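Data block below; observations after.
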Number of protein chains: 2
Amino acid sequence: MRLGAAAWGTKEDVATTPSTDQRFGLARHVVLPGPLLLDGGASFGPVEVAYETYGTPAPDASNAILICHALTGDQHVASTHPITGKPGWWTRMVGAGKPVDPARHFIVCANVLGSCLGSSGPASRAEDGQPYAMRFPVITIRDMVRAQALLLDHLGIRQLAAVVGGSMGGMQVLEWAATFPERVRAAVVIASAARHSAQNIAFHEVGRQAIMADPRWKAGDYYGAEPPAAGLAVARMAAHITYLSEAGLTEKFGRRLQSRDAKSFGFDADFQVESYLRHQGISFVDRFDANSYLYITRAMDYFDLAEEHGGRLANAFRGTRTRFCLVSFDSDWLYPTTESRSIVHALNAAGAPVSFVELSSPFGHDAFLLDVPELNRVVDGFIRAGEA
Amino acid sequence: MRLGAAAWGTKEDVATTPSTDQRFGLARHVVLPGPLLLDGGASFGPVEVAYETYGTPAPDASNAILICHALTGDQHVASTHPITGKPGWWTRMVGAGKPVDPARHFIVCANVLGSCLGSSGPASRAEDGQPYAMRFPVITIRDMVRAQALLLDHLGIRQLAAVVGGSMGGMQVLEWAATFPERVRAAVVIASAARHSAQNIAFHEVGRQAIMADPRWKAGDYYGAEPPAAGLAVARMAAHITYLSEAGLTEKFGRRLQSRDAKSFGFDADFQVESYLRHQGISFVDRFDANSYLYITRAMDYFDLAEEHGGRLANAFRGTRTRFCLVSFDSDWLYPTTESRSIVHALNAAGAPVSFVELSSPFGHDAFLLDVPELNRVVDGFIRAGEA
């Protein structure tokens, strides 16, 4: 399957009225007038936001929890993905009996600005009716959060009981707490960082170069034609290695061969790990837009919360009344524990209430999406403490 | 500059008589009848080997030292590279007053089988006069060593005072000691491993897929046309990240911007680390053949010395009389200290004399090529002990 612009949620493809199929949450799509004043200086609008909700808002919407998704995530946090047909990406955290529970919470998850599942992004149509492609403005994590704030205004949610996210989702959580402190009672930041390191930037740059080196990329103007699937697949493969730990890869694959008894002495995927990576690359291109990958990785690389606040991270949280919970994983080498610890130090310096735990997991960065019961206990306890 | 097959040392391009220009060492090229019986089952010959020598052999050639190069290295260990014009790649280790010194040693360094600086590789011409391209047989580290042994036979070197190499060079050193123990008095293995881990394979697979995704690759038949430079550059960029440590990248680049005061909010190389990586990729394609990159990474991924010896690494060294020296670097996450340690354990189990040290360096895997005085002291002391 090779998809052009039509697959990535231009206005025509996304219902503008709520779905009533509860298996799918309440899929919604709004066009907000904006305009958003972006960090890059541009004024952007109207702003399309695709989102899902689960549960019922309290009369004052005080039970609202915002879930922020990661680089290649989407609004389908706890409902079936419309393209892959797979379950929501965080059903271990969000759902009946989970830390974020539609029985108690009104849960909102929005596709981030720049993405490709219905919110405004490079695949969206500009005023001239053509996809923005690379005319889409370069955005930041703060711009994503500003768009989410517009959505909450639209939904009548003045203050969030909690904002919860892992990886790039955690960056948005930090940005929420820093930009709209009065709207966030509690912030849960998992496997994340307050800035992208040189190594983080380097891996993203490899991915972007892989996409841009694909002749089908055509400076971004590939909508309606074949997309740069090969380049995007390579980008995904490179990134995927960073989501796993060396020990996890060894445990999962080691040097085991794939469906054969001996090496082929050729260039097929002899090793299971090769086959796995190729699959990760190939399956990704059917659900994600290459230009969105460029824009969102750029936003992550630009992210440096301290820089936005005079070079001192503690300044980002000065006077905050938000409660913070930070979780890192000992085998995460993408956003290692040292990154979480430096956030905790800044929160301490700002006098903010913060709980922090490094969990042990063999799964590397991906642990935040996997079955780690201790993670659920930590988040559940933290959220319930705010409801007491 | 874009180079076709002609640039990569087919017979026509490499002098078959020794150069007498001492700045360049003694550049030589021989065609050995072979045939080599390869691990993959094929019989390969004739075998071209391009090599350099430095210093003068003793009458019995007992002062011969073989230097083994890494993935993208070549025979120009201590002499100017013919394409880039840069100094030899290991002048810190090989040269006057260095641990391997032409005043005392007869130094040999050969371009590995499968490479592109004059030894037989995919860019070489087959019997039909056309480049082998992907008709070149898939080779192993042991095959590279077998070709080197043919060269030593040709040079009249029965036994080596030492074999020295880092990274893939270290793999060849291990393979030399395991395959031709009676020909190796001392083995120096730096920043290496006895097998490729799942993560090592994964990074190489990303590089191969980047090359193969480039439409100019044309299933390897690009000689005489534009080579798959874009894919090869991406492969090099991805690999290059693994050669550096996270701390080293942070120290060297951090989040510093490249020739600008503020972010561009575009997709230029805003960050120094992006600019550096792009340069690494672009400059690499002028000196290396993409098909060679495929073949050599495959050989490294196939490398598993224990597997070649009944699954037990100690068996590879049973009864050896070779002295071993192993060095690892604490910030090397490509071949971390644990890999060296498991080799040391195997050597201990085999009763082989071995000295091992983990050196501290911020430079990651690349440390073996850089200015680490302690490395020189260790290797110098070890080699001199064999001359006492």
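A Cβ is built for glycine as well, from the same backbone N, Cα and C atoms used for every other residue.
Nobody curates TrEMBL annotations by hand; they come from automatic prediction.
According to TrEMBL, the protein carries these features:
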- A:S167: active site, nucleophile (ACT_SITE)
- A:D332: active site (ACT_SITE)
- A:H365: active site (ACT_SITE)
- A:R236, A:D366: substrate binding site (BINDING)
- A:63-370: domain 'AB hydrolase-1' (DOMAIN)
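On the structure: features taken from TrEMBL.
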residue	record	DSSP (3 states)
A:S167	active site, nucleophile	coil
A:R236	substrate binding site	helix
A:D332	active site	coil
A:H365	active site	helix
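A:S167 (active site, nucleophile) sits 8 Å from A:H365 (active site), taking the CA atoms of both as reference points.
Taking the C-alpha positions, the distance from A:D332 (active site) to A:D366 (substrate binding site) comes to 8 Å. Mean model confidence for the domain 'AB hydrolase-1' (A:63-370) is a pLDDT of 97.
Neighbour counts of Cβ atoms within 10 Å were compared for the recorded positions A:D332, A:D366, and the top value is held by A:D332. Between the alpha carbons (Cα) of A:H365 (active site) and A:R236 (substrate binding site) lies a span of roughly 15 Å.
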